[in-house]
Amino acid sequence: MKMSSTSAVALCLGFILMSFTGHSYGQLQVGFYREKCLVDVEAIVTQVVAAKFNEDPTIAPALIRMQFHDCFVKGCDASILLDGNNTEKTAPPNLSVRGFEVIDAAKAAVEAVCPEVVSCADIISMATRDVFALINEGCRYDVQTGRRDGLVSLAQNVDLPSPRISVNDSIAAFARKGLSATDMVYLLGGHTVGVAHCSLFQDRLYNFQNTGKPDPTMDPWLASQLRPICPQNPSGSNTVNVDQSSQSSFIFKSYYRQILMNRGILQIDQELALDPLTRSTVQGIAFFSDFRSKFTQAMVKLGAVEVLTGTQGEIRQSCRAINTN
């Protein structure tokens, strides 16, 4: 049964009341800028993001991915935004990250009314919250703010979990960031609204673990659908939707139901449904859990990973460069 917009918002509000009444993350707080700017800067970011989303709805998965890629490398400090010859942007896992122009536009709009106060790191978190609301019937969660921007961005620091990582190693990687196995399962649900390059799973179609055969855990029907898009000797860089269901790619629970049917595209996605450490969580989400509120809770925790606050770092004037003055 389709959930009404009112019900969806109520569930999100319920999460907000539970989350922020009893928990805080260091010096981050909801409404950090209320007394620092004469205007509602979060509303300004929301307006910019909504306008960009109306032009290109695929910016939603792009921004969700950007926050993950930023926070998982030296914390949520907007280091992924810095331009340069050897910055995080240039690392292979980040070459397909996009949405930088949305953050630039939001930063410019905020700087025009409240200069040198709002961090780029906070704008990433606000923008991610806003696109999530846009693809989830207005389900909007509060973002704690007060982050500051990092001064270091190096390609060699980028060590993101591989799509081929085992569940056990993935749990360990998330644990190093203060995130639980359950958080991991919910956050990987963000793959629902994403695409994957054929190179990330091509081995599963033709030569899984050097066996010369497809991955036996992939549904043969799915493999047959993917091979024409991802030929064994590709001439380009084709992509496919990570969620291959016939439903809207913005229906998050569909992702979990698909991997339970052995229709996961990425190896780590399929392993979530097979591994005893995570299978019961996947089943619970697919058929019983309120995904939206739990996903937003995990996103708030992700947004608090190794943040800079107080006098640490800086407030960049441009999100693409460290301040020079």
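Including glycine, each Cβ sits where the backbone N, Cα and C put it.
For HIS69, the entry in TrEMBL reads active site, proton acceptor. Sequence-distant neighbours of HIS69 (active site, proton acceptor) (same chain, 6+ apart, CB under 8 A from its CB) are ILE80, GLU88, PRO93, ASN94, VAL97, VAL158, LEU160.
According to TrEMBL, the feature substrate binding site maps to PRO161.
Every protein chain considered, the tally of other Cβ atoms within 10 Å of the Cβ of HIS191 (heme b binding site) stands at 25. The heme b binding site annotation in TrEMBL covers HIS191.
Marked as Ca(2+) 2 binding site by TrEMBL: THR192, ASP243.
Every protein chain shown contributes to the tally, and the Cβ of CYS37 (disulfide bond) ends up with 17 other Cβ atoms within 10 Å. What TrEMBL records for CYS37-CYS114 (among others) is disulfide bond.
Sequence-distant contacts of CYS71 (disulfide bond), defined by Cβ-Cβ distance under 8 angstroms and a gap of at least six in the same chain, are LYS177, LEU302, GLY303, VAL305, GLU306. Residues or ranges marked as disulfide bond in TrEMBL: CYS71-CYS76 (among others).
In sequence order, ALA78, LEU81, ILE103, LYS107, ASP149, ARG316, CYS319 make up the list of same-chain residues 6 or more apart from CYS120 (disulfide bond) whose Cβ falls under 8 Å from its Cβ. Per TrEMBL, the feature disulfide bond maps to CYS120-CYS319 (among others).
What TrEMBL lists as disulfide bond is CYS198-CYS230 (among others).
Annotation source TrEMBL lists signal peptide at 1-26.
Residues or ranges marked as site 'Transition state stabilizer' by TrEMBL: ARG65. Neighbours of ARG65 (site 'Transition state stabilizer'), defined as other CB atoms within 10 A of its CB across all chains, total 21.
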Disulfide-bonded residues compared (CYS76, CYS230, CYS319) - highest count of Cβ atoms within 10 Å: CYS76
